[in-house]
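Here is the structure we will look at.
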Amino acid sequence: MPKRTDIHKILVIGSGPIIIGQAAEFDYSGTQACLALREEGYETILVNSNPATIMTDKEIADHVYIEPLTVESLSRIIRQEYPDAILPTLGGQIGLNLAVSLSETGLLDELGIELLGTKLDSIDEAEDREKFKELMNELGEPVPASQTVNTVDEAVEFAHQCGYPVIVRPAFTMGGTGGGICHNDAEMRTVAKNGLELSPVTQCLIEKSIAGYKEIEFEVMRDAADNVMVVCCMENFDPVGIHTGDSIVFAPNQTLSDREYQMLRDCALKLIRALKIEGGCNVQLALDPQSFQYNVIEVNPRVSRSSALASKATGYPIAKMAAKIAVGLTLDEIKNPVTKTTFAEFEPALDYVVCKIPRWPFDKFTQADRHLGSQMKATGEVMAIGRTAEEALHKAVRSLEIDEKDLFSAEAHHAPTDMLEKKLRYPQDDRLFYLAETFRRGYSLQQTHDLTKISPYFLDIVKHLVELEDDLSTKPFDVETLITSKKYGFSDATIARLWHTSSQEVRKFRKQNEVLPVYKMIDTCAAEFASSTPYFYSAYDHENESQRTKKPSILVLGSGPIRIGQGVEFDYATVHSVKAIQRAGYEAIVINSNPETVSTDFSVSDKLYFEPLTLEDVLNVIDLEQPVGVIVQFGGQTAINLAEGLAKNGVNILGTTVDDLDAAEDREVFDQVITDLNLKQPIGLTATTHSAVIKAAEKIGYPVLVRPSYVLGGKAMETVYNQEELQQYLQQNASITADHPILIDAYLEGRECEVDAICDGKDVLIPGIMEHIEHAGVHSGDSMAVYPPQHFNDDIKRQIVTATEKLAVALKCIGIMNIQFIVHNHEVYILEVNPRASRTVPFLSKITGIEMAQVATRVILGQSLADQGFTNGLYPEPQTIHVKAPVFSFNKLANVDSYLSPEMKSTGEVMGTDTTYEKALHKAFSGAHIQVPNDGKILFTIENGDEKEVLPLAKRFAQIGYQVFTTPQTASHFKDNGIHIHQEISNIDELNCLLKAGQIDLVINTMRHDYEQDSLGFQIRQSTIAQNVPLMTSLDTVNALLRVKEDQSLEAITIK
């Protein structure tokens, strides 16, 4: 079938901010889809609220709207643009839910707008738990015993009928939001209540648990002519019971017999045909390991997280194909862009093994509940490729950028036996390391299988690696043992640990004996057809398939897995750096380990190496490619941390030198620079012992800001108000050394701001000053920010510009840098300097039109700012107002305190743009799904000492019709000042009743000292999040919301 000519203009719905369950994979799929539609000649409109994406670049679609993803906002854009059709299946669950909601308003029928790809009936049939169960029964496909419920009592009643354990699956949610496994009535009442509240249709499926079955995923495609094919079959290392987003996954499947594979494949294809899905679809199946019995778990009728993984694992661009299918093309008409000779209907074949491991945020949230179940908790993931499953697993572990670089964990090694077995029986994020430890202690495969229900095949992979560890440790500097270990993915650092030497010595010995990796190509067809894909992975094997070209090359280091503090913003900068390198006439090479991102789309760079971002793996690529130099400024702290090791190995670091990168992080050197430039900074001291930290704090005076050096995202950063709190901080953050000291700064009250600047060594371009809406003490990544600034006069701006110019030149910055300031008593103080791209680069780039990463890259490559047409100083401010708002995933992470602090907690961001500050704020709040009705009900729970600051806010809310609720200690103060209290709430149970009944629309909680889990302030915050009620812990955020509500309020005025 040829592509459709009756439609010309297509609106694509993006996925919005990154949250747990919906991350960078949708930037990748949305970008692919928009470009595919433009390639076919269609006019495209993109709507997305997330500025930190490649998808929202103006060249990706004909019309780009960075607007809230709400029915109201989309309706306005649809009436403005009049598209012929909407493509909703590339925006994750948000895209699907919006398509359903838009249809229910009648707008699509009114304007004659068609939904492309999967039709509404199919979406409904796949997403509505009851309808899906009915369809499975019609098709004769087995599903676990289940019942759809709309109340908690119905859920408990069914659990009694079928027996515990049961799984709760809310309808129309993603990442298992609100779901969980329940073992008794108490757990059922808690989980079902939460699931029903989070389901947009107040519906859950209660399902008899089949935990322990093998979990198999098929990524399948179908077109309008009913051609179907399997892109990839993936097998979860973890059995059913752990959300697939929190599972280790292998591709292709590792343990299925041909009979099992064909049986499950037939089921997957039957389902996509029955649902009449046009495009990509993810089918999840559970297989009884003791028989040929299986159950259908669910179908995602859209491009998903697994689609991105399958695309990168096979090289088959699922989202691109899905977009082309949506406009009428069929699989037998679309050329495979990898081989350029075969068609899209040919199923990919893999002659390698891929391993995905999730990246969890528990290094940031040490108090969080780390248990894994049916609700996803990972913020991102890594992927590794090897010739064996062992090699892929080892490479994936070291891609995670956590304390463990292999399967050895000191914590697991010292754990008592009962703790070890508990960790296996009740899985947490670190189960893999405890699993390895059981084999070191002599457990059999059967014993570990009984504890974990993990397939003996996967257990044997871990056991084999432990056995190889033992062999290695007894044969230091043995060439044959070295070769074997490298084939199974052992790093030089791991071998060095086992040989009691340094990784440099292992590398030297390896090179002397010519034990070197080769690089293999990903070609989708296991070399069956000719292919020249520039997409490679390393292996200790024969025949190198990556040939160095004569063209000079530049290597760009990516940022690895998405995590809190290092999100998709850094991938955005990486991709734009690649574009600038290519336009400058160089070959652009990328190393990255993240399957979700645009930078790991092999069509973006000239060569892509899917490798761990470790010194060894990067040096191996450099040995082969011999690039002119390496750019580390756009890969976040991941790339910066590699700079010193690379430089010591003779690698040319382009842009700011390693010594100058260190100058910004070394407290003594930096302090001297500030003094020499006659600039101001808060009084600060450095300490390398616990006692020295306490003395420094006493010398400066409380409150103080304490943090380790060399961190990203404010990890382990805290404001402490007395010695007791400082002692507690030091107990929780014990790792303090001469090389990595603790920094202690005076805490200044004032307005924070930040700038991103580009310096060529002489001139300094400042695209804009971003004012933080929250005062000092909230991490910049968790602060709302406004550009242009709303509260700085020309003198303050001049001080900021002068300080930026002086610092950039003095620190010998060549490229990009970020500086954070605080304005205290009309004076500008420097808080910190980051000699790299920051998370605000996409935000400012979208607003100003300056592609900052590209401009900085050209500077790094030797082109001055003047030659690029830029003048020194602050770029002219726009007429429009732009607000960036953080987005959090607290509802996915039990026991994480939501009180905003110097340590970053947000997972994503949105942007609001309009002609006034209040309108821009309104859009930002709306995009972040903070929607408080006019004339609503507000609960104030206030820290002692905050009453004076809170009082005027409460009065203003009351004046525009809001009902005020308080705790007893706040009530008397409010009453004394003439504020009517609608109700006093005296305990947490009373609050829970009101929250459940929908009687509270916003909770304001400033009880910062209540961080213990049994404290009132903490419990109030947890209850508020559990009920999905907006929560604000900063009075500056409250004031911003109040400005919006006052702007929207109509005042009743008497005639005088």
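Cβ atoms here come from the backbone N, Cα and C positions, even for glycine.
Among the features that Swiss-Prot reports, region 'Carboxyphosphate synthetic domain' is placed at 1-401, with the record citing sequence analysis. According to Swiss-Prot, the ATP 1 binding site annotation covers ARG129, ARG169, GLY175, GLY176, LYS208, ILE210, GLU215, GLY241, ILE242, HIS243, GLN284, GLU298. Look at Swiss-Prot and you will find 133-327 tagged as domain 'ATP-grasp 1'. Residues annotated as Mg(2+) 1 binding site in Swiss-Prot: GLN284, GLU298. The annotation Mn(2+) 1 binding site is assigned in Swiss-Prot to GLN284, GLU298. Residues or ranges marked as Mn(2+) 2 binding site in Swiss-Prot (evidence: sequence analysis): GLU298, ASN300. Taken from Swiss-Prot, the feature Mg(2+) 2 binding site applies to GLU298, ASN300, supported by sequence analysis. Per Swiss-Prot, the feature region 'Oligomerization domain' maps to 402-546; the stated evidence is sequence analysis. Annotated region 'Carbamoyl phosphate synthetic domain' per Swiss-Prot: 547-929, in sequence order. Taken from Swiss-Prot, the feature domain 'ATP-grasp 2' covers 671-861, and the record attributes it to sequence analysis. Summarising the annotation, Swiss-Prot assigns ATP 2 binding site to ARG707, ALA746, LEU748, GLU752, GLY777, VAL778, HIS779, SER780, GLN820, GLU832 and lists sequence analysis as the type of evidence. Summarising the annotation, Swiss-Prot assigns Mn(2+) 3 binding site to GLN820, GLU832. Annotation source Swiss-Prot lists Mg(2+) 3 binding site at GLN820, GLU832, citing sequence analysis. Sequence annotations record features per position, and here Swiss-Prot assigns Mn(2+) 4 binding site to GLU832, ASN834. For GLU832, ASN834, the entry in Swiss-Prot reads Mg(2+) 4 binding site. Marked as domain 'MGS-like' by Swiss-Prot: 930-1056. Residues or ranges marked as region 'Allosteric domain' in Swiss-Prot (evidence: sequence analysis): 930-1056.
Overlay of Swiss-Prot annotations on the structure.
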| residue | record | contacts (Cβ under 8 Å, 6+ apart) |
| --- | --- | --- |
| ARG129 | ATP 1 binding site | SER146, THR148, ARG169, ALA171, GLN203, CYS204, LEU205 |
| LYS208 | ATP 1 binding site | PRO144, ALA145, SER146, CYS162, GLY163, VAL166, ILE167 |
| GLU215 | ATP 1 binding site | GLU235, ASN236, ASP238, PRO239, VAL240, THR244, SER247, GLN284, LEU285, ALA286, ILE297 |
| ILE242 | ATP 1 binding site | ASN236, LEU372, GLY373, SER374, PRO427 |
| GLU298 | Mg(2+) 1 binding site | ALA126, PHE132, ARG169, GLN284 |
| LEU748 | ATP 2 binding site | PRO682, ALA776, ILE822, HIS824, TYR829 |
| GLY777 | ATP 2 binding site | LEU705, THR719, TYR747, SER901, PRO902 |
| GLN820 | ATP 2 binding site | GLU752, CYS753, GLU754, SER780, ILE830, LEU831, GLU832, VAL833, ASN834 |
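Taken over all pairs of the listed ATP 2-binding residues (ARG707, ALA746, LEU748, GLU752, GLY777, VAL778, HIS779, SER780, GLN820, GLU832), the Cα spread reaches a maximum of 18 Å, rounded to the nearest whole number. Every protein chain considered, the tally of other Cβ atoms within 10 Å of the Cβ of ASN300 (Mn(2+) 2 binding site) stands at 24. Taking the domain 'ATP-grasp 2' (671-861) as a whole, pLDDT averages 91 in the prediction.
Counted with DSSP, the domain 'MGS-like' (930-1056) comes out as 56 helix, 19 strand, 52 coil. Note: the CA-CA distance between HIS779 (ATP 2 binding site) and ASN300 (Mn(2+) 2 binding site) rounds to 36 Å. Cα spacing between ARG707 (ATP 2 binding site) and ASN300 (Mn(2+) 2 binding site): 43 Å, rounded to the nearest whole number. Reduced to three states, the DSSP call for GLN284 (ATP 1 binding site) is strand. Within the region 'Oligomerization domain' (402-546), the DSSP-based counts of helix, strand and coil residues read 76 helix, 11 strand, 58 coil. In the structure as shown, the Cβ atom of GLN284 (ATP 1 binding site) sits within 10 Å of 20 other Cβ atoms. Mapped onto three states, the DSSP output places ASN300 (Mn(2+) 2 binding site) in strand.
Residue environment of ARG707 (ATP 2 binding site) contains 20 other Cβ atoms, counted within 10 Å of its Cβ in all protein chains.
Note on HIS779 (ATP 2 binding site): other Cβ atoms within 10 Å of its Cβ, all shown chains, come to 22.
Taking every protein chain shown into account, GLU832, ASN834 are the binding-site residues, and of these the Cβ with the most other Cβ atoms within 10 Å belongs to ASN834.
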